[in-house]
Amino acid sequence: MSPQTETKASVGFKAGVKEYKLTYYTPEYQTKDTDILAAFRVTPQPGVPPEEAGAAVAAESSTGTWTTVWTDGLTSLDRYKGRCYRIERVVGEKDQYIAYVAYPLDLFEEGSVTNMFTSIVGNVFGFKALRALRLEDLRIPPAYVKTFQGPPHGIQVERDKLNKYGRPLLGCTIKPKLGLSAKNYGRAVYECLRGGLDFTKDDENVNSQPFMRWRDRFLFCAEALYKAQAETGEIKGHYLNATAGTCEEMIKRAVFARELGVPIVMHDYLTGGFTANTSLAHYCRDNGLLLHIHRAMHAVIDRQKNHGIHFRVLAKALRMSGGDHIHSGTVVGKLEGERDITLGFVDLLRDDFVEQDRSRGIYFTQDWVSLPGVLPVASGGIHVWHMPALTEIFGDDSVLQFGGGTLGHPWGNAPGAVANRVALEACVQARNEGRDLAQEGNEIIREACKWSPELAAACEVWKEIVFNFAAVDVLDK
């Protein structure tokens, strides 16, 4: 036996493979205020006990590997390892369990969503012992929250910048999303803003294509914005999409937007990546720009109930990384979004403190310790008949965004914007007078139609448009 081997043996090293649960399943563990807590939906392979599956998740997302290694003796596993501290069966589902895992804070780099996700949702999602794995929720401890800047400005600062209070903000995505020239694009922006919208928006896949280069689009949109402001006396904005192939190019576009004096830029945070998003959020705070976030690609990650990452986790990650708005679903429109689940993560975006509430899918109490809030954006298949429900569901601190529901108006873009603004003002006034938007919404809209021909025309066009499909991601019974 060599001296090196003797040394390893003398400190208790024993080569081989042992069950994860012997080291990483610790039901007696008392979680600490500084731990990051995770709730995983685990579907083990046949024959794999839930305790072993939960322990495998804790191990493979922290300090463990598939075999014992002698370098374990050079550090303190008890200090750094993840621990599966509770497992509960999912009622109504065969062979599904919620495994709760606690991670010591020292495992993660300060201020880095990228590093946090690389550990927690890294290679473990391809682990053969698991048929499926989904991250349902995270508890981010205040000690870690305080290492993040978060949103560039937040809800109250945005309202102060725009001088708009007491109602949801109104937006519109310019359509068709691809193919317009920069000048025609700017014309559509002007008409929508002149008609009464607060914002217009680049679609998520508008970057810098041959039919419309980014610099031309920025210039024509800025011209439209300033012209609409001069005519209406209101502050207007257009979400200029700064997403690009490199971080350097993205920041260059944001710099040009700042030089034009516009109030807001945009980023596709999942396709662009968390490192790029955090970099842009820091630039926006330093330079007075609001930051609108689109969640393109989210459904690839979050839509399947038994595998992936729930959007409430992606929403928390965005609040940490930085963004002033983020698309959150509509409940009533064309995109996925069950009401209780949606309102659960909307509260996680906006509120300072959110209590655990399993009836809304919230597994952990979350204290954001004064991290600025994010405005949820309802967008996708909505029109004037949805306005009462949207106002009632999302409240004042939200952005209601009508793309086709503005540009599809039979009289044009500006009348479409007028229709939406009138519908919103009618709903807000009715709510403030004590009327029930959920019960009287259609009546409120019909009353407003009597003095707004633009709204009456919109109501006639979309009176039979509904999207009656069951949500895929629903709460456990």
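Residue numbers in this text run from 1 along the chain shown.
Just so you know, glycine gets a Cβ as well, placed from its N, Cα and C.
Taken from Swiss-Prot, the feature N-acetylproline applies to PRO3. Residues or ranges marked as N6,N6,N6-trimethyllysine by Swiss-Prot: LYS14. The substrate binding site annotation in Swiss-Prot covers ASN123, THR173, LYS177, ARG295, HIS327, SER379, and the record cites sequence analysis as its basis. What Swiss-Prot lists as active site, proton acceptor is LYS175, HIS294, and the listing cites sequence analysis. The annotation Mg(2+) binding site is assigned in Swiss-Prot to LYS201, ASP203, GLU204 on the grounds of sequence analysis. Feature annotation from Swiss-Prot assigns N6-carboxylysine to LYS201. The site 'Transition state stabilizer' annotation in Swiss-Prot covers LYS334 and is backed by sequence analysis.
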For ASP203 (Mg(2+) binding site): intrachain residues, at least 6 apart, with Cβ closer than 8 Å: THR173, ILE174, LYS175, LYS177, LEU178, ASN241
Alpha-carbon spacing, ASN123 (substrate binding site) to HIS294 (active site, proton acceptor), which is rounded to whole Å: 26
Distance from SER379 (substrate binding site) back to LYS201 (Mg(2+) binding site), taken between C-alpha atoms, in Å: 11
Span of the substrate site, taken as the largest CA to CA distance across ASN123, THR173, LYS177, ARG295, HIS327, SER379 (Å, rounded to a whole number): 37
Cβ neighbours within the same chain of ARG295 (substrate binding site) - under 8 Å, at least six residues apart: ASP268, TYR269, LEU270, PHE311, LEU314, LEU318, ILE326, HIS327
For HIS327 (substrate binding site), the three-state class that DSSP assigns: strand
Cα-to-Cα gap, GLU204 (Mg(2+) binding site) vs HIS294 (active site, proton acceptor), nearest whole Å: 7
Residues within 8 Å of the LYS201, ASP203, GLU204 Cβ centre (excluding the Mg(2+) site residues themselves): THR173, ILE174, LYS177, ASP202, ASN205, VAL206, TYR239, ASN241, MET266, HIS294
The one of LYS175, LYS177, LYS201, HIS294, HIS327 whose CB sees the fewest other CB atoms within 10 Å, among these recorded positions: LYS177
Where ASN123 (substrate binding site) falls in three-state DSSP terms: helix
Lowest local Cβ density among ASN123, THR173, SER379, which the record lists as binding-site residues, within 10 Å: ASN123
SER379 (substrate binding site) and HIS294 (active site, proton acceptor), Cα-Cα, nearest whole angstrom: 10
